[in-house]
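Contents: one structure, followed by commentary.
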Amino acid sequence: MVSLRALAVLALAAGLAAPAGAEPPKRVVSMNLCTDQLAMALAAPGQLVSVSYLALDPRSSAMVEEAMAYPTNRGRAEEIYLLKPDLVLAGSFGGPAVAMLHRLGVPVVEVAPPTSLAEARDAIAQVGAALGRSETAEAMIADFDREVARLARPAGPDAPTAATWGANGYSIAGDTLAGDILRRAGFALVTDRLGMETSGYVPLEVLVMAQPDLIVTGSPYPGASRAEEVLDHPALERLEGHVLRVPDALWTCALPRSLEALAMLSAEAEALR
Amino acid sequence: MRRDARLLGSLAALVAALALASLLTGPADAGLRAGIEALWTGEGPLGIVLREIRAPRTVLAIMVGASLGLSGAALQGYLRNPLAEPGLIGISASAALGAVVAIQAGVSALALGVPFAALGGALGGVALILGLAGRRAGGLGLILGGIAVSALAGALTALVLNLSPNPFAAYDIMFWTMGSLADRSWGHVLTAAPLMLAGWVALARAGRDLDALSLGEEAAASMGVNLARLRLLVVLGAAAAVGAATAVAGAIGFVGLVVPHLLRGAVGAMPSRLLPAAALGGAALVLAADVAVRLILPERDLKLGVMMALVGAPVFLHLIWRTQAGR
């Protein structure tokens, strides 16, 4: 009896440690917007049983149509446990719900949100391995690399400058996915020029003085806010650089579709040369 | 009269000096000469900064300050109470509620509908105050009524903003309750100007009758003052001026309290002489506060209400202490 139980424990431990080597999971639940979209793109038919409710929000999700086919969850430990998953995909900020799932013995794979196109490849590989779909993931990564190589342009010292411009003047820095995509498209970041290592608020006056060649804004929210009024300030129209809207959903998560943002910006950089 | 002219002249000079300081203060650092040159020519990025960002901000500070100072002086004259101030008795907060409701209902923040909605809110606030405390209310009744109206309007403003589908709307609660002139444009100046001007005209025309009222209601009536018309002028004028100011700059408190208090000594007790001085004094005070917030935290939007409360609260406490001691 004792040895049998030990054997079972061993088998369980082996299963947890190396899910890729074992049987692929059959009931996968994703509770994070970014893993939702990678799982939808990579999973075998029927393998994925639920995605987070955010996957249906067109403001942040680039795969709303695909997500309509799945029941959604709100990332609560209880509802996820009741779905009887044999694998849960979560982001790295799952919080108490993920801790609870760990305690309940549900296998959870935590995927850190990629902050660059290079890390996006790792996330695709990680989700692919967790789903037992490494081949699909490798094909996706190969496509991804090809597209990046085709669209990327070198950002020399005379590179055009770009700044993202959001509510209250929030502008992203080079340590984010959007910042990396802007750089790969051949832009120098205004936040870099200002010596900002992380994203933050840039006063309107400072943005105007920096005279960016391109100002990138996102999707406005419904309803009004004073915080977003600064996006329509007449001073921006007086600048020579123009304003481009890139839908937020394209680079909220690192996805194959993020390369659409790279393509838009790459074309802008080409036109500015 | 000559003393008045000298006082008004020096106040105007103070406003001009502070306006220049306001034009030259900001995160985009430029020297005095470069700044003035850029303002004159409008060329280059500095020209855009001065003409499109700092100039409207400065003009708006003058307009908002004048509105608040004028309204404070007129309300104090009408209610014969030094504590009557648009911020303290809840007019600013209810004006902010009106503006917030209009904007969340879909009116563009730069449309004339917003100041008019703020006027509506302000009138609601005044009606509640006059209904709660009454015209002959002592300082305590007025302040208690003001606390109630401010709390109610502030809570409803927060509720409306929290119910907005826009996640940034909730961050705006600070703006609407503390006030700020950051990143305003000429569009905001044009939005506020018509209603503000109407308010100024109404308040200016109330000056002489307010002088008569300072002798008491019966005396004023015997001098031929139409008290109903006077009430309409003061209430509508203050609601229009404060409403328009709040619609574009949020609720800025204490201006209407501090300025008349500081100037009353210089012009005596005559409301008609206090009104123009309070308008200029209010402009100077808001300009100074707006320069100060940019000097303290150049890169961030420190709210004007913070500076005003630092100056205003001690004055307010002093006035309460004096009112209590006088009883």
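Glycine is treated like the rest: Cβ placed from N, Cα and C.
Model, not experiment: these values are computed from the prediction.
Residues or ranges marked as transmembrane segment by TrEMBL: B:54-75, B:87-107, B:113-133, B:140-165, B:185-204, B:232-257, B:277-297, B:304-321.
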Within the same chain, where does the transmembrane segment (B:304-321) have neighbours whose Cβ lies under 8 angstroms from its own Cβ atoms, ignoring anything closer than 6 residues to its ends? I mean 6 or more beyond.
82-83, 88, 139, 143, 177-181, 249-255, 257-258, 261, 285-286, 289-290, 292-293
Tell me if the transmembrane segment (B:54-75) touches the transmembrane segment (B:185-204). I count contact as 3 or more CB pairs below 8 A, with pairs 6 or more residues apart.
yes
Could you name the stretch, out of B:54-75, B:140-165, B:277-297, with the greatest number of CB pairs under 8 A to the transmembrane segment (B:232-257)?
B:54-75
